[in-house]
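All remarks here apply to the structure that follows.
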Amino acid sequence: MRGLGLKLRQGRFRTLWRFGYSARLLKTNHFRTAASNTSFPAVWMLLAQNSGRIPGPFVVVRKNAFSTMPETVEDKANPELYSPHPGVRGMTLLNREAFKRTVVVPALKVKKEIVNSLLKSLKQSVLQRPGLKRVVEDPEDEDSRLVILDPHKIPGFSLGESEQQVLKELSVDPEVSRYNLELTYENFKSEEILRAVLPEGQEVTSGFSRVGHIAHLNLRDHQLPYRHLIGQVIIDKNPGITCAVNKTNIIDSTYRNFEMEVLAGEKNLVTKVKENNIAYELDFSKVYWNPRLSTEHGRIVELLKPGDVLFDVFAGIGPFAIPAAKKKCRVFANDLNPESYNWLLHNCRLNKVDTKVKAFNMDGREFLRGPVREELSKELPLMKEEQKNAFHIVMNLPALAVEFLDVFRHLLVGEPCSAAALPTVHCYGFSKHEDPAKDIQERAEASLGTSLDGRCSTYLVRNVAPNKEMLCISFQVPADVLYKRPCPDEAKPASKRLCTSQGFSEEKLLS
C-alpha cells in the first residue's frame, strides 16, 4: 500500500506539472547564497527524483546555495515577474548589485537560420522588454538559438493554438523549455525600482520636470527618506540628466524662485534649455523656469503679428519676449528679480534680439505706470482706424497678477482711442474655485471696477495641483477704465462731478 501511495503521488505531480500548475503549487521558500539569485526551489529536485528528470534542460543546479533571503518561483500568476529582488525594500543608499535576480521564463529551441522568420511570426509572444535579449545562444548546440518568450503571453509555459500552428509551419519543435533569465539593475525601469524600494502601498513618484541637464522633482513627505536614492535612479534611467533636485519650499511670490536641494549628481545648476526652437540659458536656482508652460508661451506668441507691441510685465528670462522679438514685434520686457533681468539681457544677446527688446528691472506696478503708460500715451493717439498693429500686455505672475489690474484704472488721460486700438491684456491666475473661469473673471472685474461680460475670454492653461487650476483671462481694457477724460465743469463739487467715458462715471468706477 505504501508503494501504491507513492506511485499515486508521483502520478499527481506529473499531471500537475504537465498542465502548467507546478509554479503555482511550488511557491515555497528556499535558501541560496548572497552571490546567487537563481530561483531553483528544492521541491523541483523532488519532482526530478519522482519523475526521473529535471524539468527544463536549461535549469542549472547550484550546490551549497543557502542564505536567509526567501524567494518564490514566478510565472503568469505572479504579477511581480519583473520586480527587482525583494531584499531592496527599504533601501535608502543605492546598491545596484542588490537588484539582481534570476527568473524562469519560457524559451524555444530554434535553428539559427530560421530565427528571424520565427521572430516575425511570433512577435506578439516573444519577449519585448527593453535591454533584454530575445535571442541567446544555445549552450548545448552551436547551430541552434534559444528564443525567449514573454511569460505573460505564454501562461503556464503552454503554447496556444496559433503559436503551435506557426511552429508547425516552420518545423520547430513545440516543446517549451525553461530558461534562467538574469535581471540586473539596468533591466528595471525607474518606476519598478522605486516601487520595490519604497514601503508597500505608498505612492511612487518617477515623474519630473526636465530643465536642461537638471531633473526637478517635487517629492512628498513619505518619499524624503529615499530622496537621494530617487535622485540617483532618475539620473541613471534618463540619458542627459546629470543633476536631480527637489524643491524644498513654495515659490517665492516676489522673485518667483524657490529653495532646492541637490539630491544626486553634479551641483551645476546653470543650464541650457530649448523651447519652441529658441535657446535659453539660466541659473535654475535663482530664476523661474517651468517647461510645462511651453505650449502657453507659444499660444500667446502665435496671437502676435509683426509690428505689434508687447509689454511683458513679469518677463522672467524671456519666454514671451524673445520669440515675440524674433517675430518682429516691438518688445518692452520687465522683471523685478535682478537675476531674471540679467539672464533676460543675456538671452536677448544669445538670440540676437537685444536691439529689439527694451528691458527693465522694476516693480510691475512701476513698469505699468512708467514705460507702459508713456508708450501708450505716445502711440495710441496716433493710431488710425485702418491701422492693424496691436498692443498686448502679458501679466504672467499667477499668484498676484490679477491684483495688479487696478493699475489700468485711469492709466491714461484724454479722449479714448478707437476701440480696435485698445490694448489687450493676458493676465494669469490660479483658482481653486469649482468654476475657475467664473472665479478669475469676477476677481479681474473687481480689480478693474467694471464688468467684463461679453468682452473677455478665459483659457485653462494647466492643472497645477488637485483642485488648483492655472488660467489666462484675455480682454481689451475697456476705454471707460483706461481713460480719465478731462472734466469741463470744474466748478461742481467733487461728489457731483461725473467724468464720463462711454457713459461710465468716475464715482462709480472708483467706488
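Using N, Cα and C of the backbone, Cβ positions are placed for all residues, glycine too.
As recorded in TrEMBL:
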type	residues	note
BINDING	HIS297, ASP335, LEU336, ASP363, GLY364, ASN396	S-adenosyl-L-methionine binding site
DOMAIN	208-479	domain 'SAM-dependent methyltransferase TRM5/TYW2-type'
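Sequence-distant neighbours of GLY364 (S-adenosyl-L-methionine binding site) (same chain, six or more apart, CB under 8 Å from its CB) are VAL313, PHE314, ASN334, LEU336, MET395, LEU397, ALA401, PHE404, listed in sequence order. In sequence order, LEU336 make up the list of same-chain residues 6 or more apart from ASP363 (S-adenosyl-L-methionine binding site) whose Cβ falls under 8 Å from its Cβ. Packing around LEU336 (S-adenosyl-L-methionine binding site) is summarised by its Cβ count: 20 other Cβ atoms lie within 10 angstroms of its Cβ, all protein chains included. The binding-site residues considered are HIS297, ASP335, ASN396; of these, HIS297 has the fewest other C-beta atoms within 10 angstroms of its C-beta. Across the residues of the domain 'SAM-dependent methyltransferase TRM5/TYW2-type' (208-479), the predicted structure has a mean pLDDT of 93. Once the Cα atoms of HIS297, ASP335, LEU336, ASP363, GLY364, ASN396, the listed binders of S-adenosyl-L-methionine, are compared pairwise, the greatest separation found is 22 Å.
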